[in-house]
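> Structure incoming, see below.
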Amino acid sequence: MLRWLTAGESHGPELIAVLEGLPAGVPVSLDGIRADLARRKLGYGRGARMAFEQDELSLSTGVVHGRTLGSPIAVRIGNTEWPKWVDIMSPEPVDPEKLQGARAAALTRPRPGHADLVGMQKYDFDEARPVLERASARETAARVALGAVARAFLAELGITLVSHTLSIGPVRVPEGAPLPTPADVDALDADPLRCFHPETSARMVAEVDDTKSSGDTVGGVVEVLAYDLPPGLGSHVHWDRRLDSKLAAALMGIQAIKGVEVGDGFLTTTRRGSEAHDELFSTDAGIGRSTDRAGGTEGGMSTGTVLRVRAGMKPIATVPRALRTIDTATGGAAPANHQRSDVCAVPAAGVVAEAMVALTLADAVLEKFGGDSVGETLRNLRGYLDAIPEGRRTGADLVDEADAAPPAAPEA
């Protein structure tokens, strides 16, 4: 199984992440991780911090000459802005004279929608700085770095991930629009909002512009697709072993995510049973499904079709036209603290969601197929697939009902 942990504050010296349980032999490069960290900064509507904040990446342990060793992997992401925060975020006591000025002022006006107030209550802080530093989405850089390593492992098994933006505010990709494939990743990353539907992307840009001009923020929905998963990841046996349960928890753990769907999700609740499920048909290639409404999972297990999971991101809570709050130092009404923020970070949320799905799937693969090396894991996977009896093997991802063999007539 995989175990992983991140540490670090938004304006601290560095973020640290440790990943344990990955087999030996996974090809890992700093350039590959840097590429995903750069993708995390993409998207129309991002704030100024993305322009000047650089990720100083290093691998401390677990990788030698571009291959994992099977031992814990430690990633460090240095903060180029640290010199500005040395005194304010120092782990050692600092002369109060050095803590003068606006940057060091106590943050006593908690922001609605953030962890500020509840964190102050829970941890007995008299200001929000100790809370917001860790609650910040800056922490997701560490998760994206680990996700890049997990993606490299999955790629060795032929599994690839793609994310794209489905909606920004009320602007949404039309139902039934083509899904992006791994071949479309470069085109997606070149789009200002990582949307695969050009006409919708242009309307999304206009929505972000309108939101910015009104001093507001906007959210949206992203979708992650996983191609070429084997059937049988996860289990129906216990709630906490269900693959969709693990994916939902992983995605809900991303800052500002307020909802998750698997497959057609809540749309399925509007249909009758005869139109809500994926019928099975026999083909020359094996068993196929007429649709993928379930989104690649049934009974808590992967089906072998394309996995589809969606995450809904709320509008960023740090609103330029500051929301109303209470100054906890005086008890009086006040505008909320406002720091640099994005108008829209939905495209970046897609990249973070990719990382979380990659880590979750890598863990599920290792739970099912084990292996102390990539080669052993791959042999176990192939052996499992070869052992599935011919009459139970799945073939093409989707089958056109008109081309499928009719179901056998029941015996008299």
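Just so you know, glycine gets a Cβ as well, placed from its N, Cα and C.
Pulled these features from Swiss-Prot for this protein:
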BINDING   Arg40, Arg46  NADP(+) binding site
BINDING   Arg134, Ala135, Ser136, Gln255, Ala256, Gly299, Lys314, Pro315, Ile316, Ala317, Thr318, Arg340  FMN binding site
> Can you tell me how many other Cβ atoms are located within 10 Å of the Cβ belonging to Thr318 (FMN binding site)?
21
> Calculate the distance in Å between the alpha carbons (Cα) of Ala256 (FMN binding site) and Arg46 (NADP(+) binding site), and round it to a whole number.
15
> Using all protein chains shown, find which of the binding-site residues Ala256, Ile316 scores highest when you count other CB atoms within 10 A of its CB.
Ile316
> Rounded to the nearest angstrom, how far is the Cα of Lys314 (FMN binding site) from the Cα of Arg40 (NADP(+) binding site)?
18
> From the Cα of Arg46 (NADP(+) binding site) across to the Cα of Ile316 (FMN binding site), what is the distance in angstrom?
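About 11 Å separates the two Cα atoms.
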> Out of Arg134, Ser136, Lys314, Thr318, which of these binding-site residues is nearest Arg46 (NADP(+) binding site) by C-alpha distance?
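Looking at Cα distances from Arg46 (NADP(+) binding site), the smallest one goes to Thr318.
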> Which chain-mates of Ser136 (FMN binding site) that are at least 6 residues away have a CB under 8 A from its CB, listed by sequence?
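In sequence order, Glu9, Ser10, Gln255 meet the Cβ cut-off.
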> Comparing the binding-site residues Arg46, Lys314, which residue's C-beta has the most other C-beta atoms within 10 angstroms in this structure?
Arg46
